[in-house]
Amino acid sequence: MAPEPAPGRTMVPLVPALVMLGLVAGAHGDSKPVFIRVPEDQTGLSGGVASFVCQATGEPKPRITWMKKGKKVSSQRFEVIEFDDGAGSVLRIQPLRVQRDEAIYECTATNSLGEINTSAKLSVLEEEQLPPGFPSIDMGPQLKVVEKARTATMLCAAGGNPDPEITWFKDFLPVDPATSNGRIKQLRSGALQIESSEESDQGKYECVATNSAGTRYSAPANLYVRGPAAWAQSLMGIWSLLSRLLGVYVCAHTGTLTCV
């Protein structure tokens, strides 16, 4: 038998009350998508690379999609790389083609509460069409093998007018030193310095030079991070190659004296 309500009080059925509380909590927790990073207009070089970065926040976490001329992007030269559980996305186009790739590219962020859009324009120039001051990569990163916990420095130097801004990509995703707790720094020279290197730092790095005239990518270079044993083996492999190229014996002391 159901209990009688106390004088002056109204009984609220338990299940509907819990449902209402859940709806209120959900309403307070959920939010429409908001862009925290939007793609920017770019002028690229024919045969080169263009990357558009788009990221949004919201609850539930939004998903990013890319459109070109009203259609979802699809081409062997187009690659979409997701990060932040799909709330961030890079649209990478390589190699760039004049006219064929010149278009407005639209980023759409969607969750159950709504949809937002932003866009950026891509222009592509042939080498002979490049304006004065278009960025040049004077020194790009080189293949590097570093022992775990040591510092690795990926070099980059660029020219142009005005002086280009240098940014970095690792495995086609933007490198954000601010999220590394100070372990990864971009030096004033443009080089990327990675302290206390970890296996997660291993990958393919590119430096990108951008100014008002356009954007140019360096050739990619791999960084390998090795433990002590693998580090010694890597050195022996390099020395073995040198010995074959130079016709000399190279000896290393890796606990025992080894000659290759």
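Indices start at 1 and increase along the chain as displayed.
Backbone N, Cα and C atoms are what each Cβ position is placed from, and that goes for glycine too.
Taken verbatim from TrEMBL:
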{"type": "SIGNAL", "residues": "1-29", "note": "signal peptide"}
{"type": "DOMAIN", "residues": "33-123", "note": "domain 'Ig-like'"}
{"type": "DOMAIN", "residues": "135-224", "note": "domain 'Ig-like'"}
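The average pLDDT computed over the domain 'Ig-like' (33-123) stands at 96. Helix, strand and coil counts from DSSP across the domain 'Ig-like' (135-224) read 6 helix, 45 strand, 39 coil.
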